[in-house]
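Notes to accompany the following structure.
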Amino acid sequence: MLGVSASSESAWLRVTVLLLIGILAFSTRLFSILRFESVIHEFDPWFNYRTTIELVENGYYNFVNWFDELSWYPLGRVVGGTVYPGIMVTAGLIHKVLNWLNFPIHIREVCVFLAPLFSAFTAVAAYLLTSEMKNSSAGLLAAAFIGIAPGYISRSVAGSYDNEGIAIFLLVYTFYLWIKAVKKGSAFYGAMTAVFYFWMVSAWGGYVFITNLIPLHVFALILMGRYSPRLYISYSTFYIIGTISSMLIPFVGFQPTRTSEHMAALGIFGLVQIVAFVELIRSHLSANQFQTLFYGLISGFFLLGVAGLVSLTVGGYIAPWTGRFYSLWDTGYAKIHIPIIASVSEHQPTPWTSFFFDLQLLMVLFPAGIYFCFKELRDEHVFVLLYAGTASYFAGVMVRLMLTLTPIVCVAAAIAITAGLETFLKKTPRAASVTAEASSPGLDEKKTKASKSVEKKKSAAALSSAKAGSSSGGIWTWDARVALIVPLVFMLTQFAFHCTWVTSNAYSSPSIVLASRKPDGSQHIIDDFREAYYWLRQNTAEKAKIMSWWDYGYQITGMSNRTVLVDNNTWNNTHIATVGKAMSCSEDVSYDVMRKLDVDYVLVIFGGAIGYSGDDINKFLWMIRIGEGVFPQDVKERDFFTARGEYKVDEQATSTMRNSLMYKMSYYRFYELFGGGPAHDAVRGARIPAKPIKLTTVDEVYTTENWIVRIYQVKKPDNIGRTLPAASTFGKKRRRRNRKRSAAAGAKKNAATARRRKQQDE
Amino acid sequence: MQSARLATQGLLAALLLLLGLAFSSTTHAEAASSVQKVTRLESKLSAHKAIRLTGNDFEYLTDQPRNFSLFVALTALAPEMGCVPCRDYENQFNLAASSWQYAAEKGRLYFAQLDFADGREVFQKLQIQSVPIVLHFPPTEGPNAVAISGEYEAYDLNRWGLTADALAKYASDACKVNFSIRRPFDWSKLGTRVMFGLMGLGVVKLVWTYVAAVITSRKLWTVALIGWSVLMCSGFMWNRIRGPPYTGMRDNKPEIVAPGFQNQFILETQIVGILYAAISITFVLIVTRIPQLSDPTQQRTATYALVIVFMVLYSIMLKFFKLKNGSYPYKMLL
């Protein structure tokens with residue numbers, strides 16, 4: 001659906017530039033796998049990978065009906081009905097097509113490279129969207145921006161096989177089709193919007209953004225008095241096809257008719273019908289005095305509809321906003337009511353540094369882009385403005401939603417920069433054409449040094465702007481042109497460097513393999529996670545149940561192929577709280593919990609030895625908090641803080657802290673690393689006392705090279721029915737008691753008996 | 001003889017009875033005082049408020065045994081104490097107490113309040129450092145008895161917040177009763193609201209032309225939306241949620257930039273927001289105003305001036321970012 005203009009030369013140029021941008025977008029995301037190896041990253045991707053394998057090996061229907069017994073022991077999980085299958089199906093299809101074409105490629109490679117591939121597509125989609133807003137020069141700029149903007153790279157590097165990887169492409173492309181549909185009033189584009197919307201629904205929960213933004217756009221246009229049959233046709237087509245098809249996704253089901261998130265779309269659909277009806281009647285009547293009546297009619301119906309929705313919600317027929325979405329409005333809600341959502345680091349609010357880090361120059365020119373959109377304010381610009389306003393709010397509330405803000409910032413900044421370039425490169429009617437020509441070649445020389453992306457955009461922009469140029473004002477002197485263009489080119493070049501630097505330094509870590517630098521500058525790879533997971537795979541029984549905090553659930557099932565109690569799909573808060581309780585209680589209490597859940601091994605992450613800060617002791621407070629939410633009698637957050645309210649792990653640690661299973665397992669035998677003296681915890685900078693920690697209910701079975709992962713085996717109950725602490729002190733107690741007794745006996749009876757008894761002891 | 005014996009027997013029996021009575025009444029004073037406590041609490045109950053205790057009451061009621069739950073708010077309401085949260089919380093606590101009275105199952109749960117002025121010795125005994133504090137004394141006997149470590153549980157105000165709803169939820173969970181906050185419906189408030197609403201509508205109707213001019217003004221919307229997105233993109237929501245101080249203090253010097261990449265002060269975000277806006281405004285001025293100048297020299301001067309402002313502002317922005325992230329390698333002029 002590339003728009004080909006009359007001039008085939010410029011069209012070819014544009015295609016070439018877009019192609020180069022696509023290649024750039026793809027290759028800038030490869031840092032992560034070039035440095036390490038082609039491996040799936042982080043946590044969620046491991047689950048997606050595992051399900052994709054299931055899909056590829058057993059087919060779609062088995063995948064939909066798949067009951068996964070390796071997770072959420074003993075509950076299990078119905079995977080088919082609780083995932084967005086879009087990404088797995090997409091990867092599976094690509095795999096199938098490639099194999100059909102006789103490219104025998106492993107599904108892992110498809111998964112690893114899926115996100116970079118779709119980033120290249122996103123660049124094309126951004127080009128199309130921006131071309132609708134301004135012109136193709138702005139489109140190329142926007143494509144280049146989104147290709148390298150770190151805000152998007154952060155979730156789409158190679159190996160990061162996650163929903164967002166394809167969802168952003170679908171988001172941008174759906175919006176493009178929607179704009180196209182509104183512009184043309186075409187049912188075809190409306191239907192295409194719905195098709196891509198369906199793909200989006202199947203891929204990411206963020207589709208709710210589309211279902212609310214498009215109706216908002218329609219509503220705003222109606223309020224602005226811009227209702228037209230085009231709007232009616234495009235929205236009605238989109239809503240009907242989109243809603244019905246979205247209900248085909250098992251995980252979505254009847255939500256479009258039952259939950260508040262989808263009610264805006266439904267309400268606007270009704271409103272559009274009423275407005276269309278009233279407009280129809282009005283076109284057949286000429287009397288002006290009916291106008292008031294009609295407006296009354298419209299607002300009456302509107303209020304009636306709102307009242308109806310509210311009463312249905314109160315009556316319980318429509319579910320109110322779910323916690324995840326509600327916490328976007330009431331930002332304090334999650335912290336009190338759903339600590340499990342508040343505990344995730346990507347759900348934290350965004351500090352200003354993240355905005356600048358992720359968008360740099362674009363962030364600064366974003367407001368200017370908004371201004372230029374307001375200046376033109378056609379129907380499609382209203383859309384951009386609504387998108388900008390809502391997305392900037394969401395990005396402020398949650399770090400993760402930077403992702404939805406990034407496309408619109410790229411579009412707006414591209415519009416602003418193009419406005420500047422066009423004004424300053426345009427031929428003015430009076431000024432000699434020499435000036436314009438003089439400035440362009442001068443630029444070209446400079447650009448040889450600049451990065452590829454910037455260079456392409458610039459020449460395209462210069463070309464298209466040279467064609468335009470007929471309005472009244474203009475720049476009269478060539479040096480005034482240079483005065484703006486040179487700094488702007490410098491800034492754009494710097495932006496390209498910034499993006500590469502951020503990508504390389506911040507967003508290309510696979511997080512299951514950690515890289516550090518040795519003193520001599522060479523790279524040192526820390527591969528403890530895979531070491532431990534592989535150990536579990538090789539050394540434990542196939543049916544073994546492994547308890548860990550939920551963060552590692554997907555990785556354990558994915559890499560060790562063992563059953564876990566909880567994982568990153570945090571659907572059952574009580575179950576997670578039970579694990580939290582087991583981790584934070586004393587050994588006796590924990591042992592009962594673990595026995596009830598058939599736990600065989602416990603896995604903890606401990607970074608104190610090498611300074612890995614994302615370890616379980618740092619996450620421990622959340623375990624306590626989530627545990628306390630369900631078991632307030634057994635777990636109390638207050639007890640883990642010292643009298644002065646500090647969270648300590650050294651000598652000052654509270655006794656509750658020191659007796660908790662997590663603390664014991666983390667620091668068990670830790671001081672032995674330091675030759676028996678007090679140990680130093682490199683993460684918290686604390687001195688750990690050299691007192692030996694006694695574990696009576698679990699045995700240490702494995703600790704990885706850098707001590708990051710420690711695995712403990714849960715002991716079987718004592719075979720003659722004693723408690724495990726009692727059993728563990730069996731020999732020692734008896735000896736002590738016997739020695740006392742023998743001493744007493746020696747005083748009374750003759751020495752020979754005592755000696756004999758002592759010999760028995762030994 | 002017979003009668004005399006009977007009489008002595010009767011006397012004995014009476015004595016025994018008396019003795020027994022006396023004995024049982026003494027045991028009653030110790031063991032069955034739950035009932036007395038409830039009577040005492042019921043007698044002190046007043047509508048729409050928590051029970052005001054004195055130090056003696058507190059000692060008496062919190063002494064075991066108990067067959068009811070008791071929530072005591074420890075406050076210092078005297079003005080010289082300067083405890084503002086105490087006063088705020090008193091209202092919420094009273095609201096919870098009166099809501100419970102509506103739902104009351106007698107003898108299950110009581111809300112009481114002990115002020116510092118009434119029970120100084122209690123505060124000293126419990127070593128209370130800060131107020132307000134809510135203590136929960138669960139029942140120690142009867143069907144609802146709960147065994148806890150220590151005499152009482154502290155209700156964590158920092159965690160649950162200073163609202164009546166949170167307290168009601170906690171109390172319902174802790175005592176396994178079912179009640180929620182009932183706010184008395186304020187008809188006068190509704191009346192004034194409706195009045196004001198109608199008046200507002202009337203005013204809008206009267207000056208509709210002006211209002212329409214304002215809400216359809218493109219300039220106004222432009223400014224509003226730009227302001228909104230600048231605000232949001234400069235970490236405003238972070239400030240709302242985390243509540244950082246306006247500026248920091250280090251070595252007795254005010255500090256504008258918070259240490260740490262994930263941390264910020266309010267002033268810092270304001271500076272960033274102003275920088276974003278200023279850079280964008282300069283850029284817009286360059287693009288829109290300069291082509292309108294018809295005199296080449298004037299235009300040239302204006303271009304140079306504005307471009308320099310633009311570059312300097314952007315350099316400051318980069319510099320400011322470098323303050324937060326020391327290893328950031330890029331800069332422009334500064």
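Glycine is no exception: its Cβ is also placed from the backbone N, Cα and C atoms.
TrEMBL has this to say about the protein:
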- A:12-34: transmembrane segment (TRANSMEM)
- A:16-412: domain 'Oligosaccharyl transferase STT3 N-terminal' (DOMAIN)
- A:78-98: transmembrane segment (TRANSMEM)
- A:110-130: transmembrane segment (TRANSMEM)
- A:136-153: transmembrane segment (TRANSMEM)
- A:165-181: transmembrane segment (TRANSMEM)
- A:187-210: transmembrane segment (TRANSMEM)
- A:231-251: transmembrane segment (TRANSMEM)
- A:263-281: transmembrane segment (TRANSMEM)
- A:293-319: transmembrane segment (TRANSMEM)
- A:355-374: transmembrane segment (TRANSMEM)
- A:381-399: transmembrane segment (TRANSMEM)
- A:405-425: transmembrane segment (TRANSMEM)
- A:546-602: domain 'STT3/PglB/AglB core' (DOMAIN)
- A:723-762: region 'Disordered' (REGION)
- A:731-742: compositional bias 'Basic residues' (COMPBIAS)
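Fewer than three CB pairs closer than 8 A are found between the transmembrane segment (A:165-181) and the transmembrane segment (A:355-374), and contact between the two stretches is not assigned (pairs 6 or more residues apart).
Within the domain 'STT3/PglB/AglB core' (A:546-602), the DSSP-based counts of helix, strand and coil residues read 33 helix, 7 strand, 17 coil. Within its own chain, the transmembrane segment (A:231-251) has Cβ neighbours under 8 Å at 64, 80-85, 178, 181-182, 184-187, 189-191, 193-195, 197-198, 201-202, 207, 211, 214-215, 218, 221-222, 262, 265-266, 268-269, 272-273, 275-276, 379, counting only residues six or more beyond its boundaries. With Cβ pairs under 8 Å as the measure, the transmembrane segment (A:12-34) is packed most heavily against A:136-153, out of A:136-153, A:263-281, A:381-399.
Stretch with the largest number of CB pairs closer than 8 A to the transmembrane segment (A:381-399), among A:78-98, A:136-153, A:263-281, A:405-425: A:405-425.
Note on the transmembrane segment (A:405-425): residues 122, 126, 129-130, 133-135, 137-139, 141-142, 145-146, 149, 151-152, 168, 171-172, 358-359, 361-363, 365-366, 368-373, 384, 387-388, 391-392, 394-395, 436, 439-440, 458, 461-462, 465-466, 468, 475, 480-481, 484-485, 488, 492 of its chain, located 6 or more positions outside it, place their CB under 8 angstroms from a CB of the stretch.
Counting only same-chain residues 6+ beyond the ends of the transmembrane segment (A:263-281), those with a CB under 8 A from a CB of the stretch are 211-212, 214-216, 218-219, 222, 227, 229, 231-232, 235-236, 239, 243, 256-257, 294, 297-298, 301-302, 305-306, 309, 313, 318. Across the domain 'Oligosaccharyl transferase STT3 N-terminal' (A:16-412), the model assigns an average pLDDT of 89.
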